[in-house]
Amino acid sequence: MPRETSLVTIIGEDSYKKLRSSRCLLVGAGGIGSELLKDIILMEFGEIHIVDLDTIDLSNLNRQFLFRQKDIKQPKSTTAVKAVQHFNNSKLVPYQGNVMDISTFPLHWFEQFDIIFNALDNLAARRYVNKISQFLSLPLIESGTAGFDGYMQPIIPGKTECFECTKKETPKTFPVCTIRSTPSQPIHCIVWAKNFLFNQLFASETSGNEDDNNQDWGTDDAEEIKRIKQETNELYELQKIIISRDASRIPEILNKLFIQDINKLLAIENLWKTRTKPVPLSDSQINTPTKTAQSASNSVGTIQEQISNFINITQKLMDRYPKEQNHIEFDKDDADTLEFVATAANIRSHIFNIPMKSVFDIKQIAGNIIPAIATTNAIVAGASSLISLRVLNLLKYAPTTKYTDLNMAFTAKASNLSQNRYLSNPKLAPPNKNCPVCSKVCRGVIKLSSDCLNKMKLSDFVVLIREKYSYPQDISLLDASNQRLLFDYDFEDLNDRTLSEINLGNGSIILFSDEEGDTMIRKAIELFLDVDDELPCNTCSLPDVEVPLIKANNSPSKNEEEEKNEKGADVVATTNSHGKDGIVILDDDEGEITIDAEPINGSKKRPVDTEISEAPSNKRTKLVNEPTNSDIVELD
C-alpha cells in the first residue's frame, strides 16, 4: 500500500494534489526544526526549503535526532536534508545562512512560498519573519519551547493576532536550545561553559572501549567510523587530563578549547561574512599565566587574570575529582564549579568580542538555565504540522470558513488556562488594534529596478506615493529603519537627491504619514523597498493597497493611559537593527523608552504616533550631511 494512502483518505484526492504542489519554508533545523522537517515530509509537502545559520554541536545530539556524532561542526540545514533522504518524497532545498540577511534572502525570494514554519530560538529573527509574513500576507506557523513548556500559534496576516500583538516579557529563564558556534552574548558563553565544557570534563562518564565492534557509530562506512572515533578521542582526551591530575597539562586544555577549536571555526568562512571574527588566544598568553590573588566576586579582571584563574580552579577540581567518585555536578553555590564556569565563559567571551561578566553576574544567569526537552519539541512540531492543513484549508470535514476558528496550542503551565490537561488550545484572536506591526499601519511592497533606485529623485518618489494613495500635501516620510526624517513640509533638503543617494536600498522600509488632518487623517502606510535586478528598466511598482481615512487620535486612549501609568513609558521600543551575527536569544532586554509627543520647535503639526514609531529616536532626525552607505540599516 503506498505511503500516501492514509493521507489521501483523510484529506481527499484534490487536497492531496494541492499539498503536493505546495511550497513551504522551514526556518530553523534545530530542536523543533528537526521534528518539523520529519513531520512535513511525511505529510507529503511538495517542496520544502530549510534555512538555518548554525552548525551541529555535541550538545544537540541528545534531542535533535537527525544528527549523529559524525555530523558535529557540519551545517544543520544540509545535514538534516541528507538524514531524511531515505524516507523523503519531497523536493528539499537547504540553505546555511541568516534568514535576516537581505542580500541572501531578498523579499521577493519569500514570495514563492505558500506557508512559513518558524522553528527559531531567537527573538530578533522571529520578529523579522513575522514582519515578512505581514508584508507578503503569507500564513506563518510560529512555535517555541522552553524546557517542558511550549506553544504553537498560526498567524494569518490581517485576520489573526501576529507575533507582536502580545507583549513579550523578558524571560526569567534562559532556554538552552543550542550551544553556539557563533556566540554573540554573555549568556551563550555561559551556557557553553556550564552545559558543555564542565559536563564534559567533570560530570560525564569516562570513555568505554572505543574499539567495541558493537558500538553504534551511526554509519557502516569504515572511513566515517574512523572519523567519529577521532572526534570522540579528542573529547575524551580532555577528560583524561583531568583524570591524570597532572596540572602541568592544563595549558593543553586551554590550547584545545581556545586556540585549536577557534581556528576550526574560523575555517568555516560562511560564519563570518556578516560578523566579526573571533580572535583565538596566543600561545604566550596560555604559557605565561600571571599569579593573581583571589578576585572579588563583583569584579571582572583582565583576560590574563581569567586565564590564570582558569588554571588554578581547574587544578582544584582535579584534586576533588577522585574524592567525589570521578563525578562533580555543577552547583551555583559551589564556589569551585562556579569559578570554573565563570572563567571559561569569560575567556570565550573575550575571544568573541563579548563583554566579560563578574562571577556574581554569572551565578545569577547560570542558575536559571533550563535544558531543552526533546518530547516538548516533538509535541509542538506535531501540532504545528497538523494545524497547517487547516491553515491551507485542506480538510474537507473541517473547512476553514473563519480564521479565528483556528486553534493555537499551549502547554498547561505556559497557558495558565487549564491545569487539567497537558495542552490547552484556545481559538485565535483577531489582530490587536494597537499592534504597531499589523494594525497601526497599512503595509505593502514597492518593486523597484536598480536603475530606478539610482535615477529617481526623492521629490518624484513622494509625489508618486501621495497620488497613488490620495494623501494630502502635508505629509512626512521617514526611513523607518532608523527613524531618519527624509521629507516633510518644512524639510525639503533632500528633494533633489536620488533614492540611493539618501541611503534607501533593497530592504529599506519607509513610513509615509498624513500630517494635515485634525479630525480625519489618511492612515499611515509602511512600504518595503524590494529591489530586483531582473525587473525591467525604470520599474517602480507601488502595491494596490487600500489606505483608509481614520479618525485622528491626538489624545491617548484609556488603554494607552493605563499602560503609561503601569509602565511609566509611552511605548515599548523594539530594536530595528539586529546584531551583526543575527543571533539573539530570548533573554534580550525589551527596552522601554518615553517619547515626547509634544510638537517640536513650536510646530503645530500633529505629533507622530508613538506606537507607529518603533525605534528609540524621534522622527525629526534629519539627514543633513552627505549620505554614506554605512547608514543603511536592515529591518529587525
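Placed from the backbone N, Cα and C atoms, the Cβ positions cover glycine too.
Swiss-Prot lists 28-33, Asp52, 60-63, Lys76, 121-126 with the feature ATP binding site. All protein chains considered, the CB of Asp121 (ATP binding site) has 24 other CB atoms within 10 Å.
Swiss-Prot lists Cys162, Cys165, Cys435, Cys438 with the feature Zn(2+) binding site, giving similarity to another entry as the kind of evidence. Within 10 Å of the C-beta atom of Cys165 (Zn(2+) binding site) sit 21 other C-beta atoms, taking all shown protein chains into account.
Taken from Swiss-Prot, the feature active site, glycyl thioester intermediate applies to Cys177.
Per Swiss-Prot, region 'Disordered' is recorded for 581-636.
According to Swiss-Prot, the feature compositional bias 'Acidic residues' maps to 586-595.
Feature annotation from Swiss-Prot assigns motif 'Nuclear localization signal' to 619-622.
Under DSSP, Asp52 (ATP binding site) is assigned to a strand (E or B) in the three-state scheme. For the recorded Zn(2+) site, residues Cys162, Cys165, Cys435, Cys438 set the reference point as the centre of their Cβ atoms, and the other residues of that chain within 8 Å of it by Cβ are Gln134, Glu161, Phe163, Glu164, Pro431, Asn432, Val437, Ser439. The secondary structure of Asp121 (ATP binding site), as reduced to three states from DSSP, is coil rather than helix or strand. Annotation for Cys162 (Zn(2+) binding site): spatial neighbours Asn130, Ser133, Gln134, Ile155, Pro431, Cys435, Val437, Cys438, criterion Cβ-Cβ under 8 Å with sequence separation of six or more. Taking every protein chain shown into account, Ala124, Cys435, Cys438 are the binding-site residues, and of these the Cβ with the most other Cβ atoms within 10 Å belongs to Cys438. Within 10 Å of the C-beta of Asn62 (ATP binding site) there are 11 other C-beta atoms, taking all protein chains into account.
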